[in-house]
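**Student:** Annotations for this protein, taken from Swiss-Prot, read as follows:
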- Thr10: phosphothreonine (MOD_RES)
- Thr16: phosphothreonine (MOD_RES)
- Thr39: phosphothreonine (MOD_RES)
- Ser69: phosphoserine (MOD_RES)
- 82-101: region 'Disordered' (REGION)
- Thr91: phosphothreonine (MOD_RES)
- 143-208: region 'Disordered' (REGION)
- Thr150: phosphothreonine (MOD_RES)
- Thr165: phosphothreonine (MOD_RES)
- Ser188: phosphoserine (MOD_RES)
- 198-208: compositional bias 'Polar residues' (COMPBIAS)
- 218-245: coiled coil (COILED)
- Thr250: phosphothreonine (MOD_RES)
- Ser257: phosphoserine (MOD_RES)
- Thr258: phosphothreonine (MOD_RES)
- Thr282: phosphothreonine (MOD_RES)
- Ser292: phosphoserine (MOD_RES)
- Ser294: phosphoserine (MOD_RES)
- Thr298: phosphothreonine (MOD_RES)
- Ser301: phosphoserine (MOD_RES)
- 343-391: region 'Interaction with the nucleoprotein' (REGION)
- 348-391: region 'X domain (XD)' (REGION)
- Ser374: phosphoserine (MOD_RES)
- Thr375: phosphothreonine (MOD_RES)
Amino acid sequence: MDQFIKQDETGDLIETGMNVANHFLSAPIQGTNLLSKATIIPGVAPVLIGNPEQKNIQYPTASHQGSKSKGRSSGAKPIIVSSSEVGTGGTQIPEPLFAQTGQGGTVTTVYQDPTIQPTGSYRSVELAKIGKERMINRFVEKPRTSTPVTEFKRGGPGAAAQGQTIQEEGIDGNGASAGSKERSGSLSGATPYAHLSLPQQDSTPANVGIAQQSAISANEIMDLLRGMDARLQHLEQKVDKVLAQGSMVTQIKNELSTVKTTLATIEGMMATVKIMDPGNPTGVPVDELRRSFSDHVTIVSGPGDVSFSSSEEPTLYLDELARPIPKPRPAKQPKPQPVKDLAGRKVMITKMITDCVANPQMKQAFEQRLAKASTEDALNDIKRDIIRSAI
């Protein structure tokens, strides 16, 4: 049912109501208890001439109800009931929308002669009647008469449905039809291939072309996108690991630089220690060391070449009884110890006293001891005392 009122119908209702209101406001009303000529509205008296039982009034047809007023801008166009449309039998005029009342007046029912067209107040009553009917009919839904619509499916009609025609169902109004819903036959959401539609006999023909070929399945596209997304995430994880290793490499480089700095410091300190204490030789000649490593026993059992042997080396000999006896080694004469040059050591110790000893009294004591020292051991003792005092 149409829930909206058209603008033209609204204008008709307003004009009808204004005509009725103007009629009752302009008509003179005199209150009385009797129906006399003085109280009858002009134009109504001829109605009383006819038989009251023959009450007949013509109602407007559907053609009159659906007509629109073209000259609404210039004024209201009255609705005229023609005498040619009079039916059989009289019909009582319904009571008007507004009762004609006055001082002590009563509402009177008036009947109309079939030969006389309604004028005056009857014309207003007819207008009100028509307006009421329009208002009632507007909110009453009419029954719909339509033929069943055959269902149309994609891919063209079947062999049995090719000869049938499709008649659309009317909605008797201006609203849009909701139509019928059908599930798509394509899982990917694309429009599949469709045949040409046959021309409809009861409708205006239209140009129909061949539908496009089926598009690529949307599921396959989504699978490809998901695979690319997974690979991208895997690459991102690898890049994160590489960046983490890079930070670790940077940390290792920093630690290596620290180790190198510490090692250089230790090497510098060791060089300083070597300068301060170069060390002492053992005092054993190299020849003696070599000879000690080459000593061995040689047995001469008979005549032969004994030039390789040395008389200084211990050798076993046979006595008269052929018994091996060692020949005693002759006693060695002790060699005098070479006099070492202590002047360089004294210069070094003097420099140590000057740089390492800050106390003047201790410095003076070390200088006195250095002047009295004549052996290497004494110089070593003085050097150790200087280092201890510096620490």
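Glycine residues also receive a Cβ, built from the backbone N, Cα and C atoms like all the rest.
Computed from a predicted structure; not experimentally measured.
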**Student:** Return the average pLDDT for the region 'X domain (XD)' (348-391) as a whole number.
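**Tutor:** Across the residues of the region 'X domain (XD)' (348-391) the model's pLDDT averages 86 on the 0 to 100 scale.
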**Student:** Can you tell me how far the Cα of Ser257 (phosphoserine) sits from the Cα of Thr10 (phosphothreonine), in Å?
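**Tutor:** So the Cα of Thr10 (phosphothreonine) lies 97 Å away from that of Ser257 (phosphoserine).
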**Student:** Using all protein chains in view, find how many other C-beta atoms are within 10 Å of the C-beta of Thr375 (phosphothreonine).
**Tutor:** 10
**Student:** Looking at the modified residues listed here (Thr10, Thr16, Thr250), whose Cα lies nearest to that of Thr258 (phosphothreonine)?
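**Tutor:** So, spelling it out, the nearest of the modified residues is Thr250.
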**Student:** Where does Ser301 (phosphoserine) sit in the DSSP three-state scheme?
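**Tutor:** Reduced to three states, the DSSP call for Ser301 (phosphoserine) is coil.
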**Student:** When you put Thr16 (phosphothreonine) at the centre and draw a 10 Å sphere around its Cα, which of the modified residues Thr250, Ser301, Ser374, Thr375 have their Cα inside it?
**Tutor:** none
**Student:** Within the chain of Ser301 (phosphoserine), which residues six or more apart in sequence place their C-beta under 8 angstroms from its C-beta?
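**Tutor:** Non-local contacts for Ser301 (phosphoserine): none found.
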**Student:** Distance between Thr375 (phosphothreonine) and Thr10 (phosphothreonine) at the Cα atoms, whole Å?
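**Tutor:** About 143 Å separate the Cα atoms of these two residues.
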**Student:** 10 Å Cβ neighbour count around Thr250 (phosphothreonine)?
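**Tutor:** Its Cβ has 10 other Cβ atoms within 10 Å.
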**Student:** Highest Cβ count within 10 Å among the modified residues Thr10, Thr16, Ser257, Thr258, Ser374: which residue is it?
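**Tutor:** For the modified residues Thr10, Thr16, Ser257, Thr258, Ser374, the Cβ with the most other Cβ atoms within 10 Å is Thr16.
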